[in-house]
């Protein structure tokens, strides 16, 4: 089999294409992603609507060189990289996160050679790896491959090399890396975040100071944003510094690292650190709040090479079941060097959200508590992902911690000139690192693991929280220093016990108590657990034997702890403590066991179209969560439940896509995914000269608002180029629960003007298509003529369209318009909505303005027009169902496109300057340098707010609406709700130059838009003919303002409107240079 055939076996997937325009290459297409209010003449039907934000499109170049555009929460388009026109794409969502995987990358991703994060589009944007912020793809490569990277750095802690590939050369570099036999793994060099969201006395540090312990002689490495060593609290504390970030030097421009360092070793009389005698290693691994994984790995190695006893990492990122490079480095370096890595648990706050590398076995993982020892709401909880293990290990104060302020840092709430207050597990972690330094001074011969067990076993738990929340509890330095007893290991894990549980074998673990004192200690040992329901575990589930034990002076004693999951109780995770007490000594060891939920063994077989075994995977989507599982041929263990099952199986060049929307796991079973159940898909355009540009099949399952699906599309070709087949397995389901969609698009030669395209989309509700053969005649289609309006000299236009069939929205395929700026599309009309997009761009590929139509429905044989980019430009709210002003808890989100066109299309524009600001009670809450957009954290409870936005267009984009501004006042009482915001569109019909007749009376139709419908009480309109220098009020009659234009051709008219609604919410909008006098 050829390498090309081998790649094609893995199927094809969702994509969009951007064709060359006559005068250059248009930018990759992007447009709004909303379903909403439509022109009633075109859309009589009611459709389900998803609420989304009108986010700006974000292009992301993959390691393969392919370019993906993310808009809001979904992928909008995909364009193949140079020389990759024959590659196909898989597009899917996993728990709401968008993924796009090229066909030549999928086998390696499934095999573990390629990091799945390289194709997590949502994650790449979150990391700042989109094209607007980065021109390289950062990688970690194991086994070799350094010659294919630039800017390399050796990472001996994990036997890897870090480097980058230029996005412009990514396709070439990818081929070279994949062909290099020395390369084992290609991983994303991802980013971890700083764990930000009275303390020394709270953990008992003063008792250590009174005993003469300050951490003297102990070296603590702070791997962070740098440390301001000149701060008065830290002068003389640094031993060495090194910069592993991309910043030019070690200067702490954030303030996080300095705050952490002073919590450990400040010598201030008022804000004394936990271990003021400790010396610091300053390893800068973070530039701002983000820290590259390669920098962290290099910093870890440097820290232990410099002799660090303790390494503080107040940072982390999302953990996965696999051991990632950072976790591996923590475990390896801990074992090799004896250093103790003290790491933040994270600030996600929910169960099962412990960050990596705090998830590493050897890490001393720290959660945060407030001054009353209650676990902070933001502190990440266990269990650990994958094995249900106990994390965090301990907690420490992490709320409103006052420590040093870096001279050039801005983080925190100022307390005085030199100190700020911060919250987060970042702040809790250095308390524990400092405590570890005090123990290291007292016991210089102890390893890091021994110090860890001393701190965990002596901690004080909060009875209101479980070990999954707090480990053994808030550290107690005084107890750790004075207690002669320790317990090892630091925690006990009994693993995941397989369902059903009537025949489970008890699992035992040994717990060793050591006594460094001169007297024997008698201990009483108890073991208690809490179940997944929050109730005490059934009797007999956990036992400790013997119940009493004496630990001799200078010796040790062993207790056996057993977990017996045969006892009747709810399935899920159990966590608890083994408590040993005797005299003044109390030692606690956390433990956990998982009673597997109902699960079964399913044996999968995949057969190609010839009935021969095919080594392909099935993708199962849990309909209740949207999470995806990949299962291969052979036995797979799966939780009971309902899934959407999809499989793509190739036979030669033909790809079969199978859907089973009601796949139920309720017992052991054999499952056959047989490509012979699929039948061919054939689509023919009315014009035999039209070239196939796009062909695809998609399936979508909906369950209580959770959407799952998989799509396959071939680009720059059709079903003849890459034959596809589709089939349905299993029973039908309700029409509103599942649907499939077949898409095919064709285009005439790009030399034709206007460009002619054929866009077809058909759906099947309740079951998948089993083959499809369509050859629609022109009379069965609707004709839609799209125009580009007013294009400045030298600008080009692109037009695109998106189909929505049964709730399955496609990716946007755009094509440059010809010299006339017109395009003609022939589209299917049955059970489909079409959304149209237009962009204005300047060569070579700068998008200057973008517009989006409402979703339209059409009738066969009819002609329609869609005219974009004509004045008056101004605020046009996203469609019904979208959130353009919304409050969720203590955050207000604003997202209003300010440059919609006169036809009512939403729109955006390049701007020279912009500002959006929110005020509460007259005081500034927050501001952004963006047009019509902002996320603002607001005080809890109700309040009166004023929202302002203003944008000035970039030079040359348009002669019209050169400045748009708006302000709104409203009251918000909190909660989760849409907020009142009224907009007014000046719906003028102007000539082809954007002009109205000079002289005479001009009616200006006023179209009021509201997210929360409240009657408008009064409406006042003003006009200016000197660019806003002076304004004159005009009469409003019904739904129109009557403007008397002067007899001054060439003059621009500006418009301003203000008013209020019956609930007292007020608004004001102005548009400078709204139209011209002809």
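Cβ coordinates are placed from backbone N, Cα and C, and glycine is handled just like the others.
Taken residue by residue with DSSP, residue 224 (active site, charge relay system) is part of a strand. Residue density at residue 224 (active site, charge relay system): 28 other Cβ atoms are found within 10 A of its Cβ, drawing on all protein chains shown. The active site, charge relay system annotation in TrEMBL covers 224 (among others).
Taken from TrEMBL, the feature active site, charge relay system covers 256 (among others). For the recorded site, residue 256 (active site, charge relay system), the DSSP three-state label reads helix.
Per TrEMBL, active site, charge relay system is recorded for 426 (among others).
Among the features that TrEMBL reports, domain 'Peptidase S8/S53' is placed at 215-471. Confidence in the domain 'Peptidase S8/S53' (215-471), given as mean pLDDT, stands at 94.
For 1-30, the entry in TrEMBL reads signal peptide.
Cα of residue 224 (active site, charge relay system) to Cα of residue 426 (active site, charge relay system): a span of 10 Å.
Distance between Cα atoms for residue 256 (active site, charge relay system) and residue 426 (active site, charge relay system): 8 Å, as a whole number. The number of other Cβ atoms within 10 Å of the Cβ belonging to residue 256 (active site, charge relay system), over all protein chains shown, comes to 30. All protein chains included, residue 426 (active site, charge relay system) registers 32 other Cβ atoms within 10 Å of its own Cβ.
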